[in-house]
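A quick write-up on the structure given underneath.
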Amino acid sequence: MAAVSHLAKLGLFDARVPRYTSYPTAPNFGVGVTENLHADWISSIPAGGSISLYLHVPFCRRLCWFCACRTQGTSSDAPVRAYAAALKSELALLRARLAPGVRLARMHWGGGTPTLLPPTLIHELALAIRDAVPSDAETDFSVEIDPTEIDAARLDALFEAGMTRVSIGVQDFDPLIQQSIGREQSFELTQRLTEDLRHRGLMGLDADILYGLPHQTAPGVADSVQKLLSLSPDRVAVLGYAHVPAVSRRQLMIPTASIPGPEERLDLFETARTLILWDGYQQVGLDHFARAGDPLAHAHACGRLCRSFQGYTDDRAEVLIGLGASAISRFPQGFTQNAPSTSDHLRAIRSGRFSTARGHVLSDEDRLRGRMIEQLLCEFRISRAQILARFAVAPERLETLFRTCAAAFPGVVEITGHGLEILEEGRPLARIVARSFDRYDASGKPQGAI
């Protein structure tokens, strides 16, 4: 790795940079995109095409203090049932606007805690989805499972619904750290769940672990990673904890004095990364790892890796429909986002309309910049030939962008015969480099019009 001091001067430890799971990022969406435009974009999906679905369940039995996701606590099933009824109505709205023959290629249930849905609601939602968008034979159906909020009946219902992949949030197995973030989930409980899933024939197991949590040390992270690897997940994501109490007030419960500093965070990530690579996983992008033969590793090797709202993916569908409060949809034309408030979302759906609250219509420049950012984060390079073949950008203008970026990141970025490349030792700066192509982020010194 390039000298840490050099990377630090370029912003490694103090820059606040988007994850770029979309471009533009969601904070840059505007209110000018309406439910009518959302409906029109759905109607424009060609007959016989394929789409992906994301179903958002915002409810949790407990609110983990570290989490900044759009969630709300409930001890009753009543709001969950009302929400599920609205999801079925939203699916009916979708079905009414889809062209004949549109198929479901991929589906993900996230939250929140999707597994707090009772078995009957899991069955009902699966049937409503099947009625709205018939599945392909090879449809990949993934679900986020909380090991503390699952039982045999709900697992039965999910497998009967066609679940093929499970994502488990581990965070850290140290009891002290779990107590400090409001998420107690023992290794033994997680182990029993993974063994049950494998016994039932689960095709893919994903796991997330966090670094930068309070009280974390390199030896402690090593212990948690080794325990996680003993469960043989197919994919592992090593994600940085973002302490943003101004955005997520529940994080005020976490004592800031116990949170590792920037240099310590880098050491924690490198500790986890080294152990995972030693265990035979392949690194995919910045922070994902996959076993050889896993579709994600294959997509990475073939240059087909993409960014999505779940991170790195091999999903090639151009259209992603988000269902539920705050869910985001992606179309070739742009992005739409449902009302973040559950009550506002339910009110709109019950009145027979989508709850679209904001979004963004993509310009040609957005598409170009979005693709360059995606290439940097997926492949750590921008292919000159691919960009020129796909977009109407003058070669000399593209070279100007490359030179400006390379000058801003000396010793980290270089111009090659193939295009622009982030050197291996500079890859921790990939998101910061990508930000230099973001015309909506003033702190990233946006480039001029293309």
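Cβ from N, Cα, C; glycine included.
For 45-282, the entry in Swiss-Prot reads domain 'Radical SAM core', with the evidence type sequence analysis.
Residues or ranges marked as S-adenosyl-L-methionine 1 binding site by Swiss-Prot: Tyr54, Gly111, Glu144, Ile328. Gly111 (S-adenosyl-L-methionine 1 binding site) falls within a strand when secondary structure is assigned with DSSP.
According to Swiss-Prot, the feature [4Fe-4S] cluster binding site maps to Cys60, Cys64, Cys67. When Cβ atoms from all protein chains are considered, those within 10 Å of Cys64 ([4Fe-4S] cluster binding site) total 22, not counting its own.
Neighbour density for Gly112 (S-adenosyl-L-methionine 2 binding site): within 10 A of its CB lie 23 other CB atoms from the protein chains shown. Sequence annotations record features per position, and here Swiss-Prot assigns S-adenosyl-L-methionine 2 binding site to Phe66, Gly112, Thr113, Gln171, Arg183, Asp208, Ala242 based on similarity to another entry.
Compute the center of the Cβ atoms of Cys60, Cys64, Cys67, which mark the site for [4Fe-4S] cluster; besides them, the chain residues with Cβ within 8 Å of that center are Arg62, Leu63, Trp65, Phe66, Cys69, Thr71, Thr113, Gly182, Arg183, Arg250. The separation of Tyr54 (S-adenosyl-L-methionine 1 binding site) from Asp208 (S-adenosyl-L-methionine 2 binding site), Cα to Cα, is 19 Å. Counting only the Cα atoms, the space from Gly112 (S-adenosyl-L-methionine 2 binding site) to Glu144 (S-adenosyl-L-methionine 1 binding site) is about 9 angstrom. Candidate binding-site residues: Tyr54, Phe66. Fewest other C-beta atoms within 10 angstroms, Tyr54. For Ile328 (S-adenosyl-L-methionine 1 binding site), other Cβ atoms within 10 Å of its Cβ number 21.
Distance between Cα atoms for Tyr54 (S-adenosyl-L-methionine 1 binding site) and Cys64 ([4Fe-4S] cluster binding site): 22 Å, as a whole number. Considering only the binding-site residues Gly111, Thr113, Glu144, Ala242, Ile328, the residues lying within 10 A of Cys67 ([4Fe-4S] cluster binding site) on a C-alpha to C-alpha basis are Ala242.
Of the candidate binding-site residues, Cys60, Cys64, Gly111, Glu144, Ile328, the one lying closest to Ala242 (S-adenosyl-L-methionine 2 binding site) when CA atoms are compared is Cys64.
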